[in-house]
Amino acid sequence: MLRSFCLQLMSLVWILLAHHHLAQGDDCSERCNLAHGCCDQDGKCRCDPGWEGEYCEQCVRMPGCLHGTCHQPWQCICHNGWAGKFCDKDVHICEHELPCQNGAECVYDGDGEYSCLCPEGFHGKDCERKTGPCEKAGFHAGMVASARMRTALLGTSPAGAWLALSVPSVRMM
């Protein structure tokens, strides 16, 4: 009796394995997207370059694509709220990151870029720098105003005395 049971069990296992192998092969040819892959001898779907998934149904995104998808291989189609070549720029940066400081207004410029409208007394990309006397006087980045005065000798007066004029010294950085 035990021997008969073991033989029946082995036969059942053999039938199930044979059926599974055939079903896997049939399953592959029926489900594998033959436009993007093919079935190998083992009944597995092998994908063409640029395609992936059990049945080669999913395209491969462009390397580096962070917040996007594809319809064809190597694309990066941005999800809503993202921009840029790699969908790595937040189009809602003004709301999410609040980059502008000191009460400045953030303005979205497109493609993940922004600018800050600085209130009086502040400047810089994010209005992070306090405007000092040099910026108010019209000096630009790269120029430093010195508090020292430079004296220029201009010549003699009719009485023979030297005339001197003092002007601020400006040095280029």
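Glycine is treated like the rest: Cβ placed from N, Cα and C.
Nobody curates TrEMBL annotations by hand; they come from automatic prediction.
Cys127 is paired in TrEMBL with Cys118, the candidate among Cys118, Cys134 named as its disulfide partner. Recorded disulfide link (TrEMBL): Cys47 to Cys56, out of the candidates Cys38, Cys39, Cys56. Taken as a whole, the domain 'EGF-like' (24-57) shows an average pLDDT of 89 in this prediction.
Here the Cβ of Cys56 (disulfide bond) has 21 other Cβ atoms within 10 Å, regardless of which shown protein chain they belong to. Look at Cys28 (disulfide bond): DSSP puts it in a helix. Sorting the domain 'EGF-like' (90-128) by DSSP state (H, G, I as helix; E, B as strand; all else coil) yields 4 helix, 14 strand, 21 coil.
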